[in-house]
Amino acid sequence: MKRSMYAGRVREEHIGQEITLKGWVGRRRDLGGLIFIDLRDREGIMQLVINPEKVSAEVMATAESLRSEFVIEVTGQVAAREQANDKLPTGAVELNVTALIVLNTAKTTPFEIKDGIEANDDTRLRYRYLDLRRPEMLENLKLRAKVTHSIRNYLDELEFIDVETPFLSKSTPEGARDYLVPSRVNKGHFYALPQSPQITKQLLMNAGFDRYYQIVKCFRDEDLRGDRQPEFTQVDLETSFLTEQEIQDITEGLIARVMKETKGIEVTLPFPRMKYDDAMALYGSDKPDTRFDMLLQDLTEVVKGVDFKVFSEAPAVKAIVVKGAADNYSRKDIDKMTEVAKQYGAKGLAWVKVVDGELNGPVAKFLTSIQAELTTALSLEDKDLVLFVADTLEVANATLGALRGRIAKELGLIDNDKFNFLWVVDWPMFEWSEEEGRYMSAHHPFTLPQEETAHELEGDLAKVRAIAYDIVLNGYELGGGSLRINQKDLQERMFKALGFSAEEANDQFGFLLEAMDYGFPPHGGLAIGLDRFVMLLAGEENIREVIAFPKNNKASDPMTQAPSTVALKQLEELSLQVEEDETSKTN
């Protein structure tokens, strides 16, 4: 029979109606001769009642055979429950079953189909189709669908045009590693899966599309963590003739629409703006979490005269004050934080506690002469814990920024119901790579430099500033964008500053440079990480929880066993050979 409605949508207004439902057996209970079944579908759970006095012996026998995750079809009359269940939207009603058909049976599942399970991640991914039956996973993906629907409606209203760009593209330097796809037709040549549609969307501006968007898959072969995947989805925008402020206004409107339509939250516009240098100086991060205080304090000048060379001779000395936390952290706890500090390049972590108005701790004796100055500079009170890092400014900022976030989580200082958006602006154009031994693009090599610093492309690259902007939410980079270069000579200067010869630039980006000979308009855009945005809206800590079929931390899919080896014939068609590493040879 045709399904009448979703099980999770049956309500009191349906009492007395005969309906047909289809779904999965969530739970079966035998009570006083009656059989109760929780029928589950994507919209929720509906209680079924099978009464032996009101059904045939065949229906009763079928009901007794039911097990968890059997797929069934039931017909019956909706009735009011004697005792309502306030925890369920369907809790005021039940279905008195008159007909029951088993559509399919099921083996015992490797974990219960319910929220809050303790199965490990690889087991969940191995049986992802079962994991996705769990209500919280269904809700996460329904939220994702609502977010994308809201985004599309908003951008359509603003006359953005949805254009698909190629997945098989050209491998270019300056970024994460590419996923390469060998060409069978062009032996020895490779496509790359795009890390973003950056160049193609710029070319669409040259083509006159004016406002482009796409909700698009992107690919990066990089080390994974909780908020990264090898394939991810971004909301990609590009516009012509708009200023930085106008692009940010559009983005804020998009986010405000999504927040209102999916979470019922009215966000305050415009979002705060913070310069990159201020974010690093005060929060130790280019994606500051502004839901709590504990700002970084610069004590370099204050400690210059102390008889402690670690402080007095350091390029920078910075500190954070953990208010009232002196008793929360033992020496052993601080030793653990010291190990964290070393991961960020710090040589160590100095600390003092304020106890009865005096400084206590390993370095307290060196600070006695400046206790009054420290107390004033840091607004110290009894029971405060002060953590110091003496190192380069970059190391001090990064270390204390990381500890700031860690401590806030440990002490419960973060209001998880807050959504604090802000723009980080006025970025450096380049960042120094120790691994490469050279300056690299902080964003990408197509970013427009600020006019007043562009002359430093042939001078001190550290002084070049970009017309770039990142949108940050609760300590996560939600997205980023910039105005782009549209003048050929400036683009060539940018490539040269990055160490490209004219031949290398032409080989890698000749098609873009050629396009700049044909009236390339001023343009700029932005991309928002959809997975990360939905993760934060859903209150999750890992983007795997909002992606239907993600990879694990080894970039593998335990369900399909991808990536996998392929037949020798397929490799031969591609003129490829796989060399065994030493580990493979010994196993």
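Yeah, the Cβs are placed from backbone N, Cα and C, and that goes for glycine too.
Listed features, source Swiss-Prot:
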| type | residues | note |
| --- | --- | --- |
| BINDING | Glu174, Arg220, His443, Arg484 | L-aspartate binding site |
| BINDING | Arg220, Asp221, Glu222, Gln229, Glu477, Gly529, Leu530, Asp531, Arg532 | ATP binding site |
| REGION | 198-201 | region 'Aspartate' |
Which number gives the other C-beta atoms within 10 angstroms of the C-beta of Arg484 (L-aspartate binding site), all protein chains shown included?
22
Return only the integer: C-alpha distance in Å from Arg220 (L-aspartate binding site) to Arg532 (ATP binding site).
15
Please report the DSSP secondary structure of Arg484 (L-aspartate binding site), reduced to three states.
strand
Specify the count of other C-beta atoms within 10 Å of the C-beta of Arg220 (L-aspartate binding site).
20
Which residues of the same chain, at least 6 positions away in sequence, have a Cβ lying under 8 Å from the Cβ of Leu530 (ATP binding site)?
Arg144, Val147, Thr148, Ile215, Phe232, Thr233, Gln234, Val235
Lowest 10 Å Cβ neighbour count of the binding-site residues Glu222, Glu477 is held by Glu222
Integer Å value for the Cα distance linking Arg532 (ATP binding site) with Arg484 (L-aspartate binding site) is 25
For Arg220 (L-aspartate binding site), the three-state DSSP class is coil
Between His443 (L-aspartate binding site) and Glu477 (ATP binding site), how many Å separate their Cα atoms?
13
A correct count of other C-beta atoms within 10 Å of the C-beta of His443 (L-aspartate binding site) gives 20
